[in-house]
2 protein chains.
Amino acid sequence: MMRTRPLKVALLGCGVVGSEVARIMTTHADDLAARIGAPVELAGVAVRRPSKVREGIDPALITTDATALVRRGDIDVAIEVIGGIEPARSLITTAFENGASVVSANKALLAEDGAALHAAAEKYGRDLYYEAAVAGAIPLVRPLRESLAGDKVNRVLGIVNGTTNFILDKMDTSGAGYSEALDEATALGYAEADPTADVEGFDAAAKAAILAGIAFHTRVKIGDVHREGITEVTAADIASARRMGCTVKLLAICERAADGASVTARVHPAMIPLSHPLASVREAYNAVFVEAEAAGQLMFYGPGAGGSPTASAVLGDLVAVCRNKLGESTGPGESAYTRLPVSPMGEVVTRYHISLDVADKPGVLAQVATVFAEQGVSIDTVRQQGKDGEASLVVVTHRAPDAALSGTVEALRKLDTVRGVASIMRVEGE
Amino acid sequence: MMRTRPLKVALLGCGVVGSEVARIMTTHADDLAARIGAPVELAGVAVRRPSKVREGIDPALITTDATALVRRGDIDVAIEVIGGIEPARSLITTAFENGASVVSANKALLAEDGAALHAAAEKYGRDLYYEAAVAGAIPLVRPLRESLAGDKVNRVLGIVNGTTNFILDKMDTSGAGYSEALDEATALGYAEADPTADVEGFDAAAKAAILAGIAFHTRVKIGDVHREGITEVTAADIASARRMGCTVKLLAICERAADGASVTARVHPAMIPLSHPLASVREAYNAVFVEAEAAGQLMFYGPGAGGSPTASAVLGDLVAVCRNKLGESTGPGESAYTRLPVSPMGEVVTRYHISLDVADKPGVLAQVATVFAEQGVSIDTVRQQGKDGEASLVVVTHRAPDAALSGTVEALRKLDTVRGVASIMRVEGE
């Protein structure tokens, strides 16, 4: 069964993930060959800094001209682990044009321009695989695209950013504030020097766009994803969550509307019950909870980032793409036949946990309750706490459109008796 | 892209799973067609009792002659949801011979004779998919066979039987004994009238064999799997586990030996720490924890049984197999190139939690410790509790070959000062 002519692989990028991919391709060459049915050979490695010492990689393979590498014409598979939009996008397209299939770990690009890349792959009859783009090593793209291909996914709820999960978990277990927890994450290498992409939810939003597209067989771009980060989550929010039997997580949430005619995708911190399987996802782990019509509730858990886990996902795709090459076939391409519109955040139906600082005098609750009623928002529970002329009012609403809930908060801010809105957080996973 | 000639599907068996498969094929026909690229048509349904009313299925499709159905020659895919060894095995082989690929949910058959079935599929150039055979709707076979194809799996630890997990969870949360918990499981429909296959671990052993084969690219048959059920787990065992910060689960454990030259597969109750992700798998849910060299620790969680979840897995396979048919290709076949021997239980390295009833007099601990030392088993912790001339001694060992551990227990039983071995349980997941 084994053919002897090796499949040629171009590695585009050789940072943390790329160097690990190259290492495993060398150390596990026999296993990869047995699983593919042919040996795979690293034919070239495109880098920005050719002078850097790269252990285990033949210096003769190193090039700074990535375009020339993918244009050689003898490349079977290009592995793109450069990240960002350009030059990654042009290189992938050039690879397709020149006979190569592509394995990519590039969430930003897939979330920005996935449809065009899929179209190019289809035009040239190539594969585009990207398991590593969402939640690192956790098999997620393939299970959603293939295992659940006979089912109807209604909801995806994911912890898809390890940095923010580490910070929130630290705040939850130690009572630390946001800054303190961020400092610890930075010191331990879980947060980058500039943590913006993680803590402001951009990274999670890209993954939400990819997940929503795959789950609902439609197209969702990162610009369609409502995004809120965790920088305003306070120790008081976490303590409030605890009192409700909840914990706070940054969630990527993709939902099909009840009528099936639209979808939504959003990223924001939310309280989830401690009994929810996602609540026990600690430290920098990721997990994605999927609700499907026939399958019910599934969860996929694992390390969401890091060189080795991401390389594992890349190599799993490499094996699949190589097998397809040998069989002269391609795997499933983009499935976006539903073309469902993406509704804005205001139309998402959700629940709010609102903590108000109010004057400690009679009639305040009545005033507050009236505002909720005027906005058409039904209250689930209210807890009042008074101390020294000050009082706090914690309201948890029933489900309502997000626009009505945020409108309620705006109206509450205008009440004389409301001294401040101490915290607002959505409640999910119930 | 859509072709109009439908792919023809033969449904072999129309019980809980089969009728759900037929229902979804009808209600979701448009989605399935869009995802496959061609419509799928139910061409025949083989049943044992043709007179039974089957809602939503055209009576003209019903036949009692399953062999004639798969011999028709126009069947593209046969879905085997009969279960058991025969006639399922002959029908699958006949389907391959007559041009059909096969989707099966038959764990017993795959665990007994998977190699022969894979060989037949390869001989005739057909697909054999069986996601539904392990852990119901949880995507597991595909992630292990494909997503982790570029990685090296070292260990699989799974809760793969919902009935036993329900019983053990009930014992854990309510303090109930085994019989009481089994009665409740039976009353709620989680246990069958004859629960032997579940509570004695036969069902889990079949799944362990399949998982071990896929994870390690080798062949493991159900007869190679060491099997112990949960019928002897007592409320006292569960209480002991609690005192150690553990819970008791029936685990299917597949391991690669440290030297990589052999594998083991076993099913038995074990204590696992409450902090382990498997510990929070409640009720009848299943979950499989995978340790891979590059990916790290992954977990897959979901409903392990039931008509709808199992149908979801069957239909995911159906979509894949139909796509392959249209592309005139086949998916990955059996990958058993390592042909690693399966070591017997005695060679498995594990830890024991042993609870002894002993005479409450000086020197007992010294006697007991001597027995452990003679067997070459190192003790991790000992806890002594005395009451009214009686005493109990709870010993947790370090890791040692199972043969040495069970030899130690035999030797302990022979000591005059040991009145009885109250409980023995392995400790896993640390």
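Just so you know, glycine gets a Cβ as well, placed from its N, Cα and C.
Following the DSSP three-state reduction, the secondary structure of B:LYS207 (active site, proton donor) is helix. Marked as active site, proton donor by TrEMBL: B:LYS207.
Listed in sequence order, the residues of the same chain lying 6 or more apart from B:GLY15 (NADP(+) binding site) and placing their CB within less than 8 Å of its CB are B:VAL81. Residues annotated as NADP(+) binding site in TrEMBL: B:LEU12, B:GLY13, B:CYS14, B:GLY15, B:VAL16, B:VAL17, B:GLY18, B:SER19.
Taken from TrEMBL, the feature NADPH binding site applies to B:LYS107. Look at B:LYS107 (NADPH binding site): DSSP puts it in a helix.
In three-state terms derived from DSSP, B:GLU192 (L-homoserine binding site) belongs to neither a helical nor a strand segment and is classed as coil. Counting Cβ atoms from all protein chains shown, B:GLU192 (L-homoserine binding site) has 13 others lying within 10 Å of its own Cβ. Residues or ranges marked as L-homoserine binding site by TrEMBL: B:GLU192.
Looking just at the domain 'ACT' (B:353-426), the mean pLDDT is 92. The feature domain 'ACT' is assigned by TrEMBL to B:353-426.
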Inset, instruction - Taking the Cβ of B:LYS107 (NADPH binding site) as the centre, count every other Cβ atom within 10 Å, in any protein chain shown. - result: 25
Legend entry - Residues within 8 Å of the B:LEU12, B:GLY13, B:CYS14, B:GLY15, B:VAL16, B:VAL17, B:GLY18, B:SER19 Cβ centre (excluding the NADP(+) site residues themselves): B:LEU11, B:GLU20, B:VAL21, B:ALA22, B:VAL81, B:ILE82
Legend entry - Reduced DSSP assignment, B:LEU12 (NADP(+) binding site): strand
Legend entry - Pairwise Cα distance for B:GLY13 (NADP(+) binding site)/B:LYS107 (NADPH binding site) [Å, integer]: 15
Legend entry - For B:CYS14 (NADP(+) binding site), nearby residues of its own chain (Cβ under 8 Å, 6 or more apart in sequence): B:ALA22, B:VAL45, B:ALA46, B:VAL47, B:ARG54, B:ILE57, B:VAL81
Legend entry - Neighbour-count leader, CB within 10 A, binding-site residues: B:LEU12, B:VAL16: B:LEU12
Inset, instruction - Give me the Cα-Cα distance between B:SER19 (NADP(+) binding site) and B:LYS107 (NADPH binding site), rounded to a whole Å. - result: 19
Inset, instruction - Compute the C-alpha separation of B:GLY18 (NADP(+) binding site) from B:LYS207 (active site, proton donor), stating it in Å without decimals. - result: 20
